[in-house]
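Annotation comment: TrEMBL describes 316-808 as domain 'Cas1p 10 TM acyl transferase'. Annotation source TrEMBL lists transmembrane segment at 335-353, 396-416, 428-448, 468-487, 518-539, 546-564, 584-606, 635-653, 673-694, 706-726, 759-781, 801-819.
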Amino acid sequence: MNEEFELNALQNSASDSTRQSGSNSKAEYFIQQLNANNFKKLALITVIGFIVYHGILNWQYGSDSCQWLLSKGRFKGDNEWQPYGCMMHKYTQTDTRRCLRYLAFWSYKNHFIFIGDYSIHLLYKHFINHLQPNDDDNGSMLLQPAIDTNFEDRKLSMRATYIHADEVSDVLLGRLTKLEDAEENAVFVIGFTYRHFTYGNVTEDLLKAYNNNLTRLVVPFEHLITQKSKVLWKLQDRVNEEKLVDNWKAVLNKDIDRLNQVARSVFRYADITVWEAAWQISTGLTDSAIDGYKLCDLGLRHYTQLLLNMYCNDYMNYNDGSCCSSAEPYTLLQIVTYAVFAVCIALVCGIYLRRWLLHLRGQTLYTPMQPQHNGLHCAANVNGSTLNLPNSSMDYTTPVVSLAMLGIIMAYFYICDRTNFFMKENKYYSEFSFWIPVGYVFVLGLFFTEDSRFTKVLNRDQSDELKGWILLVVLIYYMTGAHRVLPIHMHIKLLISGYLFHTGYMHFEYMWQTGNSSFVRFFQVMFRLNFMTVILCFCMNRPYQFYYFVPLLSFWMCIIYFLLSLPPRITAQSVDANPLHYLYLVGKFVGCFSVITILFMSEVFFERIFVTRPWKALFVTTDDDIHEWWYQWKLDRYTIIFGMIFAACFHVAQKYSIFDDNNHGNLFARRTSITVTFLALLSVGFYTAFSFLCRNEQNCEEIHSYIVFIPIVGYIVLRNISGILRTRYSTFFAWFGRISLELFICQYHIWLAADRHGVLVLLPGFPTLNMIITSFIFVCASHEVHRITQILLPVAVPNDWKLVTRNFIIFLIILIPIAHSDGMF
């Protein structure tokens with residue numbers, strides 16, 4: 001009867017709240033609908049809409065990114081060329097020679113044939129100079145006014161030929177016939193108008209003759225294409241009419257446009273590629289034209305890069321070169337993983353179909369009404385007693401439903417980053433592209449501030465806020481490609497170190513206060529850290545080390561657990577009972593520092609430990625390289641220990657009443673506060689000055705490892721020394737901080753693209769709006785992944801250590817065939 005009374009009380013309370021909400025205004029009702037669940041539904045509808053949109057685009061125009069590369073693009077703010085819908089790798093001389101050498105190894109004949117007028121000759125010279133920039137012999141050869149020029153590099157099995165042609169002639173057709181008879185695959189770059197082009201006076205008769213002449217080229221070009229050659233027709237470049245030299249004064253842009261239109265109409269229905277992107281580049285650089293008609297060096301460099309991306313990307317597989325690159329093939333593990341998700345989706349569909357059929361028959365399923373708390377369980381406190389109520393979302397179908405939803409999200413991940421269905425673009429950095437989003441984010445963070453219910457230093461609200469703004473700045477850094485600016489790069493390293501410092505502080509504080517270093521809690525933390533990462537490794541065919549931040553957190557979590565669980569266990573209660581435990585704690589810290597230093601002093605010893613089987617697969621990349629792990633590990637090798645030492649010193653100072661954070665007042669007296677604030681500002685300014693004065697990235701990062709705690713401690717002091725600041729926090733940053741781990745992991749595939757080397761494009765042609773849309777979907781997906789992880793946590797890691805051990809053994813059994821196929825055994 002008591003339980004029935006309590007249930008009725010809850011139901012009456014729910015009905016009262018319903019009547020009250022019914023009396024609210026429409027504006028209040030609208031605001032109530034602005035919640036995470038509705039936003040995620042909107043994100044799902046948006047994704048479906050873009051799938052339909054891109055499906056139509058691919059159906060109408062094809063999904064060949066080579067066509068996108070050569071046909072359309074735009075200039076970014078620094079005059080860098082961005083192809084439409086795909087990423088262009090910037091080929092250096094080394095990259096180019098590596099590509100040609102690789103193709104030569106597989107018996108490819110690298111033959112480039114340039115046929116045309118002065119503009120094609122300029123391109124030919126720049127193309128060769130890109131391969132041989134310091135070769136004086138070739139340079140002198142290219143300066144000769146020879147009409148027919150050849151270049152050959154036997155080591156690369158590479159030949160480049162320039163054939164002068166200013167119009168269609170019998171001689172040119174004969175040369176093309178000889179090339180057909182040779183049956184040799186080649187890349188043809190062709191472009192010209194007519195012999196007396198510089199005389200101007202483009203009449204209708206001349207356009208008709210030009211049309212007829214180009215028509216004579218269609219059949220030879222088709223024969224070349226049949227032999228697997230690539231034929232590009234380069235349109236005539238527009239000129240700067242104000243700067244033209246005397247013998248070009250008669251050339252008008254309107255006549256050039258008419259000639260180009262004739263070429264487009266002739267080659268429209270043939271397999272010949274009209275190189276529209278080259279024309280767009282030259283048009284955008286008309287003001288920089290030499291003598292008014294010669295394309296500048298920047299434009300020629302863009303032309304060369306387009307040719308190399310077209311020719312090499314599909315063979316070299318550069319992560320930032322998706323143009324002309326085939327989609328990555330799927331593996332057996334991916335098939336099995338997605339098959340499991342498909343089974344879960346089918347089960348959920350069957351469950352809901354059964355419920356719908358029962359509903360049609362009049363068999364309505366009733367569930368008790370109860371408040372929800374985080375989608376897990378809820379407890380009602382009635383008359384001082386706690387009643388645990390069952391949550392309808394936690395019935396036997398909940399794990400299956402969660403896995404089905406996760407499967408849908410993983411399918412979106414795969415489409416975004418493992419196919420060419422959606423578009424990708426290169427990152428773009430400028431001072432405005434980085435600092436404006438950072439400023440905008442901090443304005444929002446300051447706008448959404450509230451009073452915290454906590455007064456402690458680094459309390460829960462403040463910790464979430466800290467993780468939130470760190471993560472948002474890091475995401476902007478990755479989005480804009482700001483790594484090229486050393487001060488920004490070093491400050492981002494500082495923020496990531498701050499996240500690790502905070503991790504060491506919080507875990508030490510938890511174990512210090514509670515003494516809970518249980519086996520179950522360790523696995524709960526490890527599951528929250530690694531669940532999504534492991535799923536992505538299976539679904540996206542990437543090694544564990546690819547998501548470097550999670551392996552780093554997991555490794556140091558193991559170190560923290562081992563250090564604090566190693567007898568004697570040291571807690572706040574133990575040091576009160578036996579002050580000698582302080583000495584034991586110092587000994588643990590010294591021992592940990594010593595082991596880390598020994599590993600750092602010998603990279604060979606470090607590699608021998610971490611490349612040992614079977615855990616080798618956790619620390620190496622796809623090409624069996626451990627240097628990425630070595631770099632990340634040594635950069636923050638002391639940061640976690642710094643955080644734990646700070647936590648220990650903090651609690652000792654608190655115990656001896658050096659400061660008091662149990663109220664809303666300041667931590668110190670007025671004079672002390674001024675002195676400490678000055679020192680904190682000095683410590684933060686010290687690191688900023690260091691990042692600007694340090695010129696070498698390697699030296700900067702080495703010094704960073706030793707001084708990283710100085711600005712972090714300075715920030716913590718500045719954030720907490722004032723009672724007003726300490727007891728207020730940003731709800732905006734705190735919300736992002738609660739899903740910070742999921743945001744960091746998911747950004748690799750559904751916000752950025754090509755394994756974080758580019759930017760995902762759902763709405764081409766509108767970069768700012770595209771960024772807003774992809775960010776919205778990315779945040780909603782990350783929030784849903786966080787919710788799914790919370791639901792599956794008690795299933796995967798129950799509170800019984802025996803069940804945890806059983807589940808862990810099952811997981812290891814599942815890993816055995818995967819590890820065997822990857823060569824771990």
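Residue 1 is the first one shown; counting continues down the chain.
Including glycine, each Cβ sits where the backbone N, Cα and C put it.
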Assess whether the transmembrane segment (546-564) lies in contact with the transmembrane segment (706-726), where contact requires at least three Cβ pairs under 8 Å among residues 6 or more apart in sequence.
no
Would you mind listing the long-range same-chain contacts of the transmembrane segment (635-653), meaning Cβ under 8 Å and 6+ residues beyond its ends?
457, 493, 496-497, 500-509, 512, 552, 556, 559-560, 563, 572, 582, 585, 589, 592-593, 596, 599-600, 659, 701, 704-706, 708-709, 712-713, 716
With Cβ-Cβ distances below 8 Å as the criterion, list the same-chain residues six or more beyond the ends of the transmembrane segment (673-694) that contact it, or say none.
486-487, 490-491, 494, 666-667, 700, 703, 707, 710-711, 713-715, 717-718, 721-722
Short question: which residues 6 or more past the ends of the transmembrane segment (518-539) have a Cβ under 8 Å from it?
333-334, 337-338, 406, 410, 413-414, 507, 546-547, 550, 553-554, 557, 561, 741-742, 745-746, 748-749, 785, 789, 792-793, 796-801, 804, 808
